[in-house]
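Have a look at this one before I ask anything.
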Amino acid sequence: MTTNQRFIGDMPKIGIRPTIDGRRKGVRESLEVKTMNMAKSVANLLAESVRYPNGQHVETVIADTCIGGVAEAAMAKNKFDKENVGVTITVTPCWCYGSETMDMNPQRPNAIWGFNGTERPGAVYLAAVLAAHNQKGLPAFGIYGEDVQDIDDDAIPSDVQEKITRFARAGLTVAMLKDKSYLSIGSVSMGIAGSMVDESFFQEYLGMRNEYVDMTELTRRINEEIYDKEEFAVAYQWIKENGIFGSDINKAANQRNTVQKEEDLKTNIKMTMITRDLMQGNAKLTELGYEEEAMGRNAIASGFQGQRQWTDHFPNGDFMEAILNSSFDWNGIRAPYIVATENDTLNAATMLFGHLLTNTAQVFADVRTYWSPSAVERVTKHQLEGRASNGIIHLLNSGSAALDGTGEQERHGKPVMKPFWEVTKEEAANCLQATEWRPANTEYFRGGGLSSNFKTRGDMPVTIARINLIKGLGPVLQLAEGYTVELPEHIHGVLNDRTDPTWPTTWFVPNLTGHGAFQDVYSVMNNWGANHCAMSYGHIGADLITLASMLRIPVNMHNVAEENIFRPTAWNMFGTGDKEGADFRACQVYGPLYK
Ligand SMILES: C[C@H](O)[C@@H](O)[C@@H](O)C(=O)CO
Ligand SMILES: [Mn+2]
């Protein structure tokens, strides 16, 4: 199965609306070419610089005519509705009639680029149409280049490019979430509130539905052999030949014997295939006589409860979660699946944001420990240095960290996490080689299984994020941009051995601003809203903030520079001095996108 067959329906397109002054006999005629050229430049920019998670370049649809009034606005809308347009960008070099030309679809993110020129007043239209958007309660993003351009200049200035592409990535994420499912496999893990499904959150904020299966469905499919046995043979050979099987940390009395460990590996492979099939279906199952199972659940993300009923008896979910979240498996290099440990639905939604904005794999982790410089010195007799010198946060969890999180993919000799189509065979092999599959800690996981153990390479720019649900307020998003750091081996060894050393470790350092939650590293840990975070490659805080504003989720903690914050213009009307407070007020007034 190829990745672009993964979900039912086409990828959403971006609709481009060239608006124009409707006055014929001179004015309109003189502007037609320029206006359409702006639309074409935006289409070219998007096709070059934005891709869908399946690797295809983004598709755009330009309205058949410039839009001078309401009839042409309706014609553009009809075209867009037929073409599965999920996001629209209006462009214009001139004055046009605000409410007569505007896009009034309340659920499709909309931006307007008003050309900064002097011959015709694009900025005046921009201000007028944004006022109409605000007055009608239909928030839109305004884009106005900083420097004046000449009317015959069809280039898009870099500040405008940045805003258009940021808007497009976030808008497409909104559109790609819509009408997909989150699949809960099992229910609440160990009282973790994030694994209590809040259907209103998924339905009203993300436009998604919730699907559920009991974990016994895995048992049924394993026992009745409802999976592709040929694929199983390939997977088994692949991991036996290429996997590194690390040592057992369990006391002799608690160790599983060789026969059990071999069975655990086989069960883990079957769990991986079955979870994927539950999410997206598998045509092979039709050949086996299981047409219903072959359909899958149109799930763009899933979560596996695991602990404790399953893991007290069966092999744990670490292998399954690690492989599915990675950009490769025994079938080759492919887009990651999003699977949350402990069925933490809120971390899964955060991982989806990171994945759909960047097209890269995500690292799910416990926000485990803050190590102050003095605590590290006390325990190791060594001082933290460089980026780590203000203290470090230990990200660690059984399960869902993508193997891409090893940092074994490179650009210009530096560790990165890439979209799957840029990952080479050698890099995928290196990620696997940097991972040890170790017998699970049987005091935690009585049913055994294989845990994935690696240490993330340092110097990767990353962003950790998390959605939290607050009674009386709704969802809020928090994020921290920072870097992975690599500690000298002796320090890492001492710190890591104090916890469960069979799991993947990332040492994270946030960028500090000296204010609020970013006063120091301790404050970042202290202000984290739950036990988990999702880590994404790159400094994507600004994209996350734009996306959150589209979904009306306020951001309660971030360390993104103010000049990079891009939200609908209406947000400024809720206050310009205190952007954080304005965000909360705006989100409260507009409410969830799909209410
Ligand atoms: C094995 C343990 O139960 C861990 O899974 C636990 O510490 C968590 O990850 C909690 O989020
Ligand atoms: Mn956890």
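Just so it is clear, glycine is given a Cβ too, placed from its N, Cα and C backbone atoms.
The following feature annotations were taken from TrEMBL:
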ACT_SITE  Glu342  active site, proton acceptor
ACT_SITE  Asp366  active site, proton acceptor
BINDING   Glu342, Asp366, His532  Mn(2+) binding site
DOMAIN    11-179  domain 'L-fucose isomerase N-terminal-1'
DOMAIN    180-359  domain 'L-fucose isomerase N-terminal-2'
DOMAIN    395-558  domain 'L-fucose isomerase C-terminal'
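Could you tell me the structural context for the features on the list?
Within the same chain, residues at least 6 positions away in sequence whose Cβ sits under 8 Å from that of Glu342 (active site, proton acceptor) are Ser189, Met190, Ile192, Gly194, Ser195, Gly303, Phe304, Gln305, Gly306, Gln307, Gly399, His532.
DSSP classifies Asp366 (active site, proton acceptor) as strand under the three-state reduction.
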Taking the Cβ of His532 (Mn(2+) binding site) as the centre, how many other Cβ atoms fall within a 10 Å radius?
27
For Asp366 (active site, proton acceptor), what residues in its own chain, 6 or more apart in sequence, show a Cβ-Cβ distance under 8 Å?
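Asp366 (active site, proton acceptor) has long-range Cβ partners Leu395, Leu396, Asn397, Asn531, His532.
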Any idea what the model's mean pLDDT is for the domain 'L-fucose isomerase N-terminal-2' (180-359)?
98
